[in-house]
Amino acid sequence: MDLLLTNARLVTLQSGEMGYQPSTPMSIGIKAGKIHYLGIDTALAATKQIDLKGKLVTPGLIDCHTHLVYAGNRSNEFEMRLQGVPYQEIARQGGGILSTVYATRQASEAQLLEQTLPRLDGLLASGVTSVEVKSGYGLTLVDEIKMLRVAKSLSQHRLVKVTPTLLAAHALPPEFTGRANDYIEFICQEIIPLVAEEQLATSVDVFCESIGFDLAQTERVYACAVEHGLRIKGHTEQLSNLGGTALTARYQGLSADHIEFLDPAGVEALARSSTVATLLPGAFYFLRETQLPPIELLRQFGVPMAIASDVNPGTSPFCDLTLMMNMACTLFRLTPEEALRGVTQNAAQALGYAESRGQIKTGYEADLAIWQIEHPADLSYQVGTQRLFARVVDGQFEQHKECCDE
């Protein structure tokens, strides 16, 4: 073994009720970055052995929807919204996404990296071991590529697995005002082929919304992405019901995200597919929305629900995934178990890693979060204390720098 962790109380999240209940003290043997052994043996030969002294171990948390890479600051919009100006009106006035686009275009890769790392550090401190990062604030070929390169480079600066997603269809850039179809063709003819060729992203996302792109434009991007061997994700049904979730499910998309205005037909479409419903409570909270996602209907149809931070400067400036777990429980009435599965097992499925991450299971990647807590429900219950002891990413152990337990 390369690493043996002993006296660990495991929350494996394997199928069944017992996957959520902490185990009696066990050992985890890690070899070549994967979980090789789960059992009670504490004397296995290992290059490195660490006694966890009864600490709780969960799968590493997975943030499956973020906009981490951007430049600029939009706290002024926060003040505007508190004065009653709706998000849609801010966007129509050239604010919103486009204000971040201008700042991001002006920033170099080095400047973007410098501004992104503190946000990433916040997520890592909340137990995140894998993170999805979208483009979408460049909206030109050069700037979208720049964002994806910065996203891919994050794993060179921090111990984390990064999954980049192309979101060129995030907003209509000013150069294409009044020509949304032309911009969609530009994405399909210029951006997607290059991103696929250079392997800068594994999936393509579209903001399918009344202030974004319509159903036909979304499908044009989806079809092009599939043609180039890329997976599908969608921002759907956040502010209205356009049918984007059902379209995403029809293309066997990895996930449909936001979904506050999802109708029963959309839920049934998800149930017929493998597409995950990703909840973004941070944006719901920050925008003071009132339309709740159809949680009970999703439960009834057995649709897997993921939870993500949606870290972004305009609608969810939160860099703590456990805070999102708390919000999902308090605002959306998820159980703490559903919340934990939402940032592990189901989040892994939302990124295409259902068979390799998101559970503590032999043969899976050794991605773990080690906590100084009594029960997994504590992760959703209490926010703001230093609970993370260490993370393990692809078998590499890293103790949290602010943890006082030696």
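Including glycine, each Cβ sits where the backbone N, Cα and C put it.
Record features (Swiss-Prot):
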type    : residues                    : note
BINDING : H65, H67, H235, D310        : Fe(3+) binding site
BINDING : H65, H67, H235, D310        : Zn(2+) binding site
BINDING : R74, Y137, H170, Q238, T315 : 4-imidazolone-5-propanoate binding site
BINDING : Y137, N312, G314            : N-formimidoyl-L-glutamate binding site
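Taking the features listed in Swiss-Prot, we show where each one sits on the structure.
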residue	record	Cβ contacts under 8 Å, 6 or more apart
H65	Fe(3+) binding site	E132, K134, K233, S255, D257, T278, L280, A306, A308, S309, D310, A350
H67	Fe(3+) binding site	V133, K134, G136, Y137, L167, D310, V311, N312, P313
R74	4-imidazolone-5-propanoate binding site	G95, S99, T100, P313, G314
H235	Fe(3+) binding site	D205, V206, F207, C208, E209, G212, G244, D257, H258
Q238	4-imidazolone-5-propanoate binding site	E209, H258, I259, E260, F261, A283
T315	4-imidazolone-5-propanoate binding site	Y87, G282, A283, F286, L287
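Around the Cβ of D310 (Fe(3+) binding site), the number of neighbouring Cβ atoms within 10 Å comes to 27. Around H170 (4-imidazolone-5-propanoate binding site), the same-chain residues six or more apart in sequence whose CB sits under 8 Å from its CB are I97, K134, S135, G136, Y137, L139, D205, F207, G212, listed in sequence order. In the three-state DSSP scheme, H235 (Fe(3+) binding site) is classed as strand. Within 10 Å of the C-beta atom of G314 (N-formimidoyl-L-glutamate binding site) sit 22 other C-beta atoms, taking all shown protein chains into account.
The number of other Cβ atoms within 10 Å of the Cβ belonging to N312 (N-formimidoyl-L-glutamate binding site), over all protein chains shown, comes to 25.
According to DSSP, N312 (N-formimidoyl-L-glutamate binding site) sits within a strand segment. Close to the recorded Zn(2+) site, the chain also has T66, K134, D257, H258, L280, A283, A308, V311, N312, S316: residues not among H65, H67, H235, D310 whose Cβ is within 8 Å of the site's Cβ mean position. Summarising the environment of Y137 (4-imidazolone-5-propanoate binding site), the number of other Cβ atoms within 10 Å of its Cβ, over all protein chains shown, is 30. Neighbours of the N-formimidoyl-L-glutamate site: apart from Y137, N312, G314, residues of the same chain with C-beta atoms within 8 angstroms of the site's C-beta centroid are H67, Y70, R74, G96, I97, T100, G136, P313, T315. In this entry, 4-imidazolone-5-propanoate is bound by R74, Y137, H170, Q238, T315, whose most widely separated C-alpha atoms sit 20 angstrom apart. Across the residues annotated as binding N-formimidoyl-L-glutamate (Y137, N312, G314), the two Cα atoms farthest apart lie 12 Å from each other.
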